[in-house]
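Noted in Swiss-Prot for the protein shown:
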- Asp34, Gln35, Glu36, Tyr37, Asp38, Ser83, Leu84, Glu114, Arg137, Glu171, Lys287, Lys311: NAD(+) binding site (BINDING)
- Lys116: active site, N6-AMP-lysine intermediate (ACT_SITE)
- Cys405, Cys408, Cys423, Cys428: Zn(2+) binding site (BINDING)
- 591-671: domain 'BRCT' (DOMAIN)
Amino acid sequence: MDRLTAETKIKELAKRIERHNRLYHEEDRPEISDQEYDQLMRELRELETSFPDLQSPDSPSLRVGGEPLPFFEKVVHKTPMLSLGNAFNEEDIRDFDRRVRQAVGSQAVRYVAELKIDGLAVSLHYENGLFVRGATRGDGTTGEDITQNLKTIRSIPLRLTKPLTLEVRGEAYMSKGAFEKLNKEREERGEALFANPRNSAAGSLRQLDPKIAASRQLDTFIYGIGDLQGETVESHSEGLDLLETLGFMVNQERRVFDDVDELLAFIAGWTEKRPHLPYEIDGMVIKVDSYAQQEELGFTAKSPRWAIAYKFPAEEAVTILEGIEVSVGRTGNVTPTALLKPVSLAGTTVKRASLHNEDIIREKGLLIGDHVVVKKAGDIIPEIIAVLPERRTGNEVPFAMPTHCPECGSELVRLEEEVALRCINPMCPALIREGMIHFVSRTAMNIDGLGEKVVAQLYRDGIIHSVADLYYLHQQRDALLGLERMGEKSVDNLLAAIEASKENSLERVLFGLGIRLVGAKAARVLAEHFGNIDTIMQASEEEITQIDEIGPKMAASLVNYFAQPQAQAVIERLRAAGVNMEYKGIRIESGADLPFSGKTIVLTGTLTQMSRQEAEEAIARLGGKVTGSVSKKTDLVIAGEKAGSKLEKAEKLGVAVMDEAGFLQVLESNA
């Protein structure tokens, strides 16, 4: 390709990628899949590698991460990034209001209330509209230059919509979903787990290798202007509106108040609603809106007098650690779980808490009988965040992890660079049983009627020995009828569900096999790339690692799995039973008269008749696109049980809402 053609192609690709970034992050209506987006990015990087002088300073390719840095440079903040004073109750807020009104005299006062995102405070600098530097808050006066890591966050614009020179402040964070996904992947790899989303965001941005930050799903909300040239704004709310027009992500859950009682009611509402947010917040920030009044109020030595941070009551409780049990998962990981004296926390009774691995028990210094502090954030599994050694009586006893598998008796091992103990006996009953439970789960083969208890009973009674045996259960009808709560109709339904699962696309089979390190997304990438199971089985590590999303460890795991005669035998029995071994993808129906054609749809709450993945695929087949959050661009919200803030926002914006019954009726009418 000649230089002129390459220059044209690079500009075209950059424009397309930035458009899709905007559709995904700002408008919540993506038009292409992750795989299609990655392909565009690959094309751009290849061209820029061939013509490095054609790479622009705001190229989207800079988001994938450059070379590792030897250290972080120090950055002195032109305007200090001060911390805020705290308020812990209604009276603290009223005191703040009284102080403000007393200081400004007879002037009218308006406040802006915003969610306090639990992440890492960052400063972003732009010159003539281009992102040139980003830094951590540090001690408020001096931070660290993390520009290369921040460039990997897609919601941070590399070029603004106006050529302004300014500095903005915001919060980099990791959503609850991204945090749970990251920890699950780390657990499967035997790596140490992050304690919470905030720590994971901070840890990701302080990596010297930007590729690590790029691999983690970080996001930002910008909440203020530190310095601005060439534009005039007179209030904080006006400044937030400007930031949105420039291309920044600004949190939509903000309100302006001139009445403190209404402000307090708003705060109280979010105290109840915050568990339903997709990201963590630890309070609300209240700021005087007028910049003139902010200047008049000034600062103390530590914080501004015109702002305060309200901290939500901690969702924590003290209870007693009564014991620790260990279980063996499908990958062989031996996981300890804390058994707690039942305690009420965040509206539920907590009896168990995750401990993840032996290192966490040792780091926390846990003893059986200890008084411990338990925390629960949203839907995240409860965790022990602290031990209270001052309450020990002398009767507490240490816990020792087993040296042998509690299920099969094999010696446990700790593989290199892993923190988890692991059973590596492929014939371990726990590995086989848990592997089969995973295979039939909704995210894998999705076989209705085959829950954990049924699979465990089938395995315990010797009716099945591997996942392939599931597809021969029609030959053991009498044995099925002998199971607990299994009548003629239940058996018929179960066998029909097993038969239907044979038509699943390859990625579900691949994920269901439980190959170490291969999650649902990687399974889809592999299935889409290779097309069928035979091509994957014949692929070398080198061929597999050519795929951008697949690393050397996963490639080695795949090759090792398919080299095992036992795995080959299972796959051949599945094939012989008629299980599909080819990638089908999602079939999108054609035709403008489809019920969801061109519609942007948000799912919220729990659907009782299908999984979220099934619902998303059904919507896609009928022409719709599913996004994660509600905005003015949303056409329809489908609300299941316990729908939270998304439903409220839809009603506030006047977005159409459909319940599960209505959704099912649409699907049945278009079956």
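Positions of Cβ are set from backbone N, Cα and C atoms, glycine also.
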Which same-chain residues, if any, lie at least 6 apart from Arg137 (NAD(+) binding site) yet have Cβ under 8 Å of it: Met81, Leu120, Ala121, Val122, Ser123, Gly143
The one of Leu84, Cys408, Cys423 whose CB sees the fewest other CB atoms within 10 Å, among these binding-site residues: Cys408
Shortest C-alpha distance to Cys423 (Zn(2+) binding site) - which of the recorded positions Glu36, Asp38, Lys116, Lys287: Asp38
Per DSSP, three-state class assigned to Cys428 (Zn(2+) binding site): coil
Inter-residue C-alpha distance, Cys428 (Zn(2+) binding site) and Asp38 (NAD(+) binding site) (nearest angstrom): 39
For Cys405 (Zn(2+) binding site): intrachain residues, at least 6 apart, with Cβ closer than 8 Å: Val328, Val334, Glu411, Leu412, Cys423, Asn425, Cys428, Ala430
Rounded distance in angstrom between the Cα atoms of Asp38 (NAD(+) binding site) and Lys116 (active site, N6-AMP-lysine intermediate): 33
Secondary structure tally of the domain 'BRCT' (591-671) (DSSP, helix then strand then coil): 29 helix, 18 strand, 34 coil
Remaining residues near the recorded Zn(2+) site, that is with C-beta within 8 Å of the centroid of the site residues Cys405, Cys408, Cys423, Cys428: Val328, Gly332, Pro406, Glu407, Gly409, Ser410, Leu412, Asn425, Pro429, Ala430, Leu431
In the chain carrying Lys116 (active site, N6-AMP-lysine intermediate), residues 6 or more apart in sequence that have Cβ under 8 angstroms from it: Ile281, Asp282, Gly283, Met284, Val285, Ala309, Tyr310
PLDDT averaged over every residue in the domain 'BRCT' (591-671): 80
Cβ atoms near Glu36 (NAD(+) binding site) (within 10 Å, other residues, all chains): 12
Coarse DSSP state, helix versus strand versus coil, of Leu84 (NAD(+) binding site): coil
For Cys408 (Zn(2+) binding site), the one of Glu36, Leu84, Lys287 that lies nearest, given that the binding-site residues are compared by Cα: Glu36
Binding-site residues (Asp38, Cys428), the one with most neighbouring Cβ atoms at 10 Å: Cys428
Collapsed DSSP category at Lys116 (active site, N6-AMP-lysine intermediate): strand
